[in-house]
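Take a look at the structure below.
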Amino acid sequence: MTRRNQTIVSDFLLLGLPIEPEQQNPFYVLFLAMYLITVLGNLLIIFLICLDSHLHTPMYLFLSNLSFSDICFSSVTIPKLLQTMQSQDSSITFAGCLTQMYFFLFFADLESFLLVAMAYDRYVAICFPLHYTIIMSSKLCLSLVVLSWVLTMFHAMLHTLLMARLCFCADNIIPHFFCDMSALLKLACSDTRVNELVIFIMGGLVLVIPFLLIVMSYARIVSSILRVPSARGIRKAFSTCGSHLSMLSLFYGTVIGLYLCPSANNSAVKETVMAVMYTVVTPMLNPFIYSLRNRDMMGALGRLLFKKKISFSDCLLHPKGTFFTLAAFMIFFLCIL
């Protein structure tokens with residue numbers, strides 16, 4: 001009788017960022033600028049890779065997918081946040097909330113798997129340079145990319161279906177700027193033990209194991225370079241690996257801290273700040289860390305700007321460029337709507 005008399009929630013209200021009303025406009029401009037940098041920076045990387053034949057290698061295949069994932073990952077949350085800050089309409093339907101949660105998990109997991117593939121590619125290139133083309137064959141690279149997409153699709157679907165079976169009866173206010181999985185579980189009025197168990201188990205498989213594999217790959221890379229008595233090589237290794245590991249620590253550290261090691265002392269403000277770090281800051285910085293500091297990417301950019309052997313229309317006519325461009329803009333407009 002009690003459950004029958006409860007009102008089932010059909011809409012949620014997103015509280016957004018914990019800021020004062022007079023701070024809305026400055027933060028709106030800040031997040032809009034960060035989003036545009038993320039989209040334009042990653043689109044530039046995709047265009048350069050599809051236009052320049054020198055970049056048609058396994059590393060840049062993974063990188064183009066990572067850039068596409070970063071665009072979509074940001075587009076899942078930031079457009080809704082900007083709309084809420086501008087129109088003060090913070091409502092989102094239950095179906096819309098589940099859809100946002102699905103794509104959020106999908107692209108977050110995809111980024112995790114792609115980072116593992118990129119770390120393995122660098123490990124093979126540096127530690128086994130003579131066997132690189134044999135080990136990193138086209139078949140293996142495509143298999144790694146396809147496997148990443150398939151695994152993330154099923155993982156995101158699993159959590160979404162488990163969330164859809166829960167009942168939300170009383171409180172419909174989400175103290176977050178998107179439909180975060182942990183925030184939704186706190187609002188559920190039915191048993192969430194299965195969801196929490198799956199989060200812990202699958203989180204270990206999707207987050208902890210990839211993070212450890214990446215750290216092991218970079219450790220082997222550093223160890224291999226240190227065997228060569230070259231000050232320039234050592235300096236380059238620590239510069240590259242240090243920047244990469246700092247970004248990986250920012251991404252994995254905040255995600256693992258939020259979902260696998262939650263603390264009762266974590267306030268809503270602290271959780272929101274941590275979420276901003278891996279949903280907004282990391283996708284914005286990835287182009288600078290992985291690509292724009294890269295000599296090959298800068299060389300491709302120079303050929304694009306100065307030699308003018310390639311044009312924007314060439315990329316749009318290229319199958320890969322067309323796919324990534326249309327998909328990115330479709331996701332952008334869907335999130336705005």
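Easy rule for this one: first residue shown is 1, then count along the chain.
Cβ atoms are placed via backbone N, Cα and C, with glycine included.
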Among 165-188, 237-260, find the range that TrEMBL records as transmembrane segment. 237-260
Considering pairs 6 or more residues apart, do the transmembrane segment (27-51) and the transmembrane segment (272-292) have at least three CB pairs under 8 Å? yes
Kindly state the mean pLDDT of the domain 'G-protein coupled receptors family 1 profile' (41-290) in the predicted structure. 84
What residues in the same chain, six or more past the boundaries of the transmembrane segment (140-158), come closer than 8 Å to it by Cβ-Cβ distance? 58, 61-62, 65, 102-103, 105-107, 109-110, 113-114, 117, 120, 198, 202, 206
